[in-house]
Amino acid sequence: MEPDNSPRKIQFTVPLLEPHLDPEAAEQIRRRRPTPATLVLTSDQSSPEVDEDRIPNPLLKSTLSMSPRQRKKMTRTTPTMKELQTMVEHHLGQQKQGEEPEGATESTGNQESCPPGIPDTGSASRPDTSGTAQKPAESKPKTQEQRGVEPSTEDLSAHMLPLDSQGASLV
């Protein structure tokens, strides 16, 4: 190894994002990455974007104060039973404040109701499952009740799509 008197050039190479990406896709990914200025803005504590008092999940509050790099390293864990119970109690407390107590207790026993936090937009299109629809079902034999027989076909025909001769939907 002989010392070389000529000055050496240092070559800096930018590692490719992913070897299987074409250069155009790599450029699009690079453009979408946040700049340091936007990272500072999003991690700013004085930012009024999120009201932490309105967030019921204490784990979410702690992740908001983390930097994006710390949030990326953190793996998602399922909530413990205690955390889940506090979230449910918080949700039910909000429901009781907005609705009358009778409606909230009836909706919790219904198996067809939507999960908490999701508005039930399809209730108008579904057949009525309370009172009137269940009275005729009581007179039917128990085998039909166990199979979950729907009300008469007259009620459902308005909600069914027309089918062609092969059974495919025309719409």
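Using N, Cα and C of the backbone, Cβ positions are placed for all residues, glycine too.
Not measured: the values here are computed from a predicted model.
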Feature phosphoserine, as given in Swiss-Prot - residue among SER46, SER123, SER152: SER46
Swiss-Prot annotation, phosphoserine - which of SER6, SER67: SER67
The compositional bias 'Basic and acidic residues' (19-29): DSSP-derived helix, strand, coil residue counts: 7 helix, 0 strand, 4 coil
